[in-house]
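First up is the structure itself, then whatever we jot down about it.
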Amino acid sequence: MERITVTLGERSYPITIAAGLFNEPASFLPLKSGDQVMLVTNETLAPLYLDKVRGVLERAGVNVDSVILPDGEQYKSLTVLDTVFTALLKKPHGRDTTLVALGGGVIGDLTGFAAASYQRGVRFIQVPTTLLSQVDSSVGGKTAVNHPLGKNMIGAFYQPASVVVDLDCLKTLPARELTSGLAEVIKYGIILDADFFTWLEGNLDALLRLDGPAMAYCIRRCCELKAEVVAADEREAGLRALLNLGHTFGHAIEAEMGYGNWLHGEAVAAGIVMAARASERLGQFSSADTQRIIALLERAGLPVNGPCEMSAQDYLPHMLRDKKVLAGELRLVLPLAIGKSEVRGGVSHEVVLSAIADCQQA
């Protein structure tokens, strides 16, 4: 069992990583006998894990209610969020309740925002079931729902009480979802850790076949990097923005194409290449490193071009609504070398459009 701490003073919390955690009541810290829980999951995961998690919590004396939501990015909305509030109020659940998010990034983000909002804030626990959520979205306290005009535009910074990563969940993960998660894994190597990027080049095949030791190391390293960044810059005033490499372009793809048609990791992968191309055009990133990135993404089965249905101009309205925009000016996360990156303002629309055009599908 691996345990990493996200250090935030009184709001510090553990990330527990191991196989078989759903069999151990102690995994679900800080829950204890007599606590009340609302378990939030989706219709795909409920048949796989709901009874198992409910059972282990009830054996520990926890009182468990549940709400099952539809599955998909398109349901990360205010309308579906209201379903959670209604379930909480009908029981009713008070301020001493704990929400447990059993699912991927959609469930985690939506449940976290529900916890931040319900009765002005209740405790919640992240139980991520996808690779993407295990390495990224469950850690750090970003919670949100989407708006038709932009992804994650309505939300709050609100930290979980703990994160429970059961590696066994990856055994039921569809191949496309596994691949999507690898985009966020590769991102960490590009922005923060050249040695990890090199390790990924040598161990990608092991990750694709769900090799246990390789996957455990991969998730642990990503969580270590994320925990360090969040501890240093919880509210994304500087360093944490680096974690958004590829996301300004990627969120534009998700919004323009319709949430769920491109998975988040797929859109981010294409966005990473666009960011690399933009950095190349500014003379601060080598074409050789861009090719290393493209080669690794392609080996993972990820797209390295944007959707053919989108023109370069289609990206700009979405990108100008990005949360990093200041005074109407685009700010992009750009790689400087493998393992090193920066947030740069003042990137011209000409450079951005040219970088997108470099990555358009024929």
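In case you wondered, yes, glycine gets a Cβ from its N, Cα and C as well.
If you check Swiss-Prot, you get these features:
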BINDING   71-76, 105-109, 129-130, K142, K151, 169-172  NAD(+) binding site
BINDING   E184, H247, H264  Zn(2+) binding site
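Location within the structure of each feature annotated in Swiss-Prot.
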{"residue": "D71", "record": "NAD(+) binding site", "Cβ contacts under 8 Å, 6 or more apart": "N42, E43, T44, L45, V106"}
{"residue": "Q74", "record": "NAD(+) binding site", "Cβ contacts under 8 Å, 6 or more apart": "G258, Y259, G260"}
{"residue": "G105", "record": "NAD(+) binding site", "Cβ contacts under 8 Å, 6 or more apart": "P128, T130, L132, S133, D136, S137, S138, H264"}
{"residue": "G108", "record": "NAD(+) binding site", "Cβ contacts under 8 Å, 6 or more apart": "A101, Q126, P128, S133, S137, S138, T143"}
{"residue": "C169", "record": "NAD(+) binding site", "Cβ contacts under 8 Å, 6 or more apart": "Y49, P128, T129, T130, Q134"}
{"residue": "T172", "record": "NAD(+) binding site", "Cβ contacts under 8 Å, 6 or more apart": "L48"}
{"residue": "E184", "record": "Zn(2+) binding site", "Cβ contacts under 8 Å, 6 or more apart": "L131, L132, V135, D136, C222, G265, V268"}
{"residue": "H247", "record": "Zn(2+) binding site", "Cβ contacts under 8 Å, 6 or more apart": "V268, G271, V333"}
Under DSSP, is G108 (NAD(+) binding site) helix, strand or coil?
helix
Hey, for the Zn(2+) site built from E184, H247, H264, who else sits with CB inside 8 A of the CB center?
L132, D136, S137, A183, K187, G246, G250, G265, A267, V268
Number of Cβ atoms other than its own within 10 Å, given for T130 (NAD(+) binding site):
28
May I ask you to report the DSSP-based helix, strand or coil state of T130 (NAD(+) binding site)?
coil
Three-state secondary structure of C169 (NAD(+) binding site) from DSSP?
helix
